[in-house]
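As written in TrEMBL, here are the features:
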- G166, R167, S168, I232: NADP(+) binding site (BINDING)
- 6-121: domain 'Tetrahydrofolate dehydrogenase/cyclohydrolase catalytic' (DOMAIN)
- 140-286: domain 'Tetrahydrofolate dehydrogenase/cyclohydrolase NAD(P)-binding' (DOMAIN)
Amino acid sequence: MTAEIIDGKAFAARVRGQVAEQVARLKADHGITPGLAVVLVGEDPASQVYVRSKGKQTVEVGMNSFEHKLPADVSRYDLFALIDRLNADPAVNGILVQFPVPDHLSEAEIVARIDPAKDVDGLHIENAGLLASGQKAMVSCTPLGCLMMLRDRLGDLSGLDAVVIGRSNLVGKPMAQLLLRDSCTVTVAHSRTRDLPGVVRRADIVVAAVGRPRFVPGDWIKPGATVIDVGINRLPHEEDGGKGKLVGDVDFDSAVRVAGAITPVPGGVGPMTIACLLANTLTATCRVNGLDEPEGLTA
Ligand SMILES: NC(=O)C1=CN([C@@H]2O[C@H](COP(=O)(O)OP(=O)(O)OC[C@H]3O[C@@H](n4cnc5c(N)ncnc54)[C@H](OP(=O)(O)O)[C@@H]3O)[C@@H](O)[C@H]2O)C=CC1
Ligand SMILES: Nc1nc(=O)c2c([nH]1)NC[C@@H]1CN(c3ccc(C(=O)N[C@@H](CCC(=O)O)C(=O)O)cc3)C=[N+]21
């Protein structure tokens with residue numbers, strides 16, 4: 001058996017199409033253009049690529065994109081002054097500070113400074129708390145994109161065994177919350193989990209967000225399971241003949257032979273993350289203006 005390969009790129013293009021439609025309607029009916037601000041501290045090349053492609057896609061769906069590049073040694077004071085300005089700016093509906101940030105800055109402090117209504121990463125404790133208590137929140141883009149793909153493939157998720165490998169605030173924890181809300185039986189695994197292979201073998205749904213290249217081999221996967229690979233790992237150049245190939249946290253070649261469906265890397269979760277960032281910016285814009293939320297684009 002060979003798994004269905006879930007085309008995240010095509011799925012993301014459809015989501016962006018829906019966002020673009022609604023943005024056009026907001027403009028025509030209400031004269032509102034959503035705006036997304038992305039803040040990049042330092043010059044990490046991978047982050048620069050990612051921020052550039054976000055900016056481009058933001059403009060393509062008809063939103064305003066505001067990019068702020070700050071030097072790696074920016075003071076906490078100057079970064080907070082920028083966040084305060086973005087919080088107060090009515091043209092800005094979403095704010096994303098790209099992580100990681102240099103060591104002299106605290107991610108927790110940065111997140112706490114962002115207006116929860118503009119927190120399109122869903123990291124603010126207000127949003128994390130709302131999600132955990134089953135209320136309307138801004139939900140982190142990556143888990144939101146994973147949920148959309150899972151619902152699309154499986155329909156009703158209730159009663160399914162789901163394993164999330166990883167417990168970060170950005171991916172693992174909100175993913176587990178969303179799956180729980182959809183009535184999965186959720187296990188959250190991490191670096192101290194005993195018998196990870198045994199835990200993964202029980203799962204109908206596996207979400208891998210570990211940050212280790214090809215960490216999950218095919219023989220951990222239950223036949224027919226749906227595998228969502230969040231990992232974005234760039235292999236060192238010498239391992240792939242010079243290109244610095246991107247691989248996920250799942251060993252795709254062995255897993256594809258066992259799973260029922262699997263997301264590839266690249267072309268899986270990554271494009272959905274950016275599409276959901278745009279969807280979240282639209283949602284934030286509708287909420288702040290007291291308008292109906294876009295259908296099918298929220299959790
Ligand atoms: N496609 C996309 O859009 C996105 C992709 N990513 C990618 O997803 C991956 C995860 O990101 P993120 O959640 O931010 O990463 P973090 O480094 O914050 O979290 C990694 C998690 O994996 C767990 N882990 C590490 N080693 C093991 C192990 N040997 N066995 C079991 N669990 C382990 C850690 O456990 P512990 O808590 O015990 O240390 C931790 O909870 C990365 O590759 C990242 O690049 C991230 C965001 C978006
Ligand atoms: N505050 C914050 N929020 C984030 O959501 C966040 C972050 N910081 N820091 C970094 C990680 C990583 N991340 C990715 C998103 C899209 C792709 C993506 O589009 N990937 C393409 C390939 C890109 C390529 O070729 O390099 C793909 O998988 O097909 C990758 C990685 C969001 N993150």
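Backbone N, Cα and C define each Cβ position, glycine as well.
Taking all protein chains in view, 21 other C-beta atoms sit within 10 angstroms of the C-beta of I232 (NADP(+) binding site). Proximity to ligand 2 (Cβ under 6 Å from any of its atoms) holds for these binding-site residues out of R167, S168, I232: I232.
Among G166, R167, S168, I232, the residues given in the record as binding NADP(+), the maximal Cα to Cα distance rounds to 16 Å. All protein chains considered, the CB of R167 (NADP(+) binding site) has 17 other CB atoms within 10 Å. When the neighbouring Cβ atoms lying within 10 Å are counted for each of the binding-site residues (G166, S168), the highest count belongs to G166. Confidence for the domain 'Tetrahydrofolate dehydrogenase/cyclohydrolase NAD(P)-binding' (140-286), expressed as mean pLDDT, is 96.
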